[in-house]
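Inspection log for the structure reproduced underneath, given as structure tokens.
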Amino acid sequence: MEPSDHEEASVLYSPGREPKIVPHINANARKETRWTFWLITAGLSTTFGAAVPTGYNIGVINAPANKRSFLLCGFLLFVGGVCFQFCQTLSSVELLMAGRFLVGLAAGLTTSTVPMYLTELAPLGLRGALGVFCSMGVTGGVVVGQIISLEEIFGTEEHWQFALSFYVILVVIFFVPYPWLPESPKYLFVIRRRQDEAVNELKRVAGKKVRDEYVREQIDAMRRECTPENDEESCGDGQSTVQKPKERTIWSVLTDRTLLLPLVLVCALQGGQQLSGINAVFFYSVRIFESVGLSSTDAKFANLGAGCLNLFVAFFSPILMAKFNRRFLALLSCAMCALFLFCLTFIVFFIDDVEWFSYASIVAILLYILFYQIGLGPIPYFIGSELFEVGPRPAAMAMGSLASWGCNFIVAMLFTTLQSAWGAFVFLPFAFTCVALTVLLRIYLPETRGKHISQIVPLVAKGFSSKPLVP
């Protein structure tokens, strides 16, 4: 059936089939864009229960596809915290290493599943705003970790184990509402084929005032995300018969040519987020500030100030995601980060020759952090949820998380060595990474704000032959 005059239409791309025209969700969906009790509860619980502890375990070190994944994150974080608490009492380095290993697993799981879960719960108009909660939580956790690990608090030889395990309090408190948190309606409908449960959860998330028309539109949208071989007969008829779940393995995603470009974009953004230099600043920021002439104490507080600036800008992320296009923010962020990294290289190289360059280096670092947080900071966390349908989404987010933490590991292992060998030029690889990201995103990243997945998928389905900017 052809779409009516007052509806927009898009082409739904399906491998091996002729493209079919589907109507977009009309303006009625936008009327349901409001914060409800369960949206807020899910956002706060996952952010403070998993994302903040993840960031905490990054910051605390500096100074001294199952949807039950959130529960697993909490369990790993809790056990890791117990290991930290008792490793000094038992004089066990092995226990300390085990704790870090468990927290590392939880961190990877958190950054791949929490943004996906929140964006699947959110209505179209709040998808970006809720999607950045994980980024905000990680950023806030870094700052809290920096504060707790100060020598004036727990950053001493006698109390460091309390600094490492302090985050467990957040895990315990914010996992209390877990049994009542809503399941993702998309996961229930498309993956598990539990249509009645999906409708009930959709109504619960949308609030008591939700209209039946909105629910029908959302169900129609989820129906279009079903696989071509199962769409009409397995999740479009409203029957209660048990159907085979729509599951995509990592291998099937890697070998699907229609998913090549979005997978490259997700991995490039998540890996590039780490290779953009942010962890060179926060893992070794105290050393950077000391190298420009600050005392050890002043350098630690300057580092804390940088973290606070990062968090302050992060608080505006939901507003930025709601008001500005993803492409604009990502391109601006990458380009300006590259610029200030080049500036930082120049300044540090000549810092002994120009007296005021010590202050200029601090300004360059702070401006870098500011522009990082408006795009490179939050967008990579949730962009995979906007480029992939529900089926391949968990595998794609897992690959993105692997790229992120893999590049994080590379920076942590190599930065000090390269800094000793290259001096000021150590920031150049990060600058060139930002330049490369700017070029890639300029050519291939489609705009996703306010668009349903059925509009986005066809734009990136032809690999590097795709032309996402061509109307």
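Cβ from N, Cα, C; glycine included.
What TrEMBL records for this protein:
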type	residues	note
DOMAIN	1-449	domain 'Major facilitator superfamily (MFS) profile'
TRANSMEM	35-58	transmembrane segment
TRANSMEM	70-91	transmembrane segment
TRANSMEM	97-118	transmembrane segment
TRANSMEM	130-148	transmembrane segment
TRANSMEM	160-181	transmembrane segment
TRANSMEM	259-284	transmembrane segment
TRANSMEM	304-321	transmembrane segment
TRANSMEM	328-351	transmembrane segment
TRANSMEM	357-383	transmembrane segment
TRANSMEM	395-415	transmembrane segment
TRANSMEM	421-445	transmembrane segment
Annotated stretches the transmembrane segment (259-284) and the transmembrane segment (70-91) touching (3 or more Cβ pairs under 8 Å): no
Any contact, the transmembrane segment (304-321) to the transmembrane segment (421-445), with at least 3 Cβ pairs under 8 A: no
The transmembrane segment (130-148) touching the transmembrane segment (328-351) per 3+ Cβ pairs under 8 Å rule: no
Leading contact stretch, 70-91, 97-118, 130-148, 357-383, 421-445 vs the transmembrane segment (395-415) - CB distance under 8 Å: 97-118
Integer mean pLDDT for the domain 'Major facilitator superfamily (MFS) profile' (1-449): 80
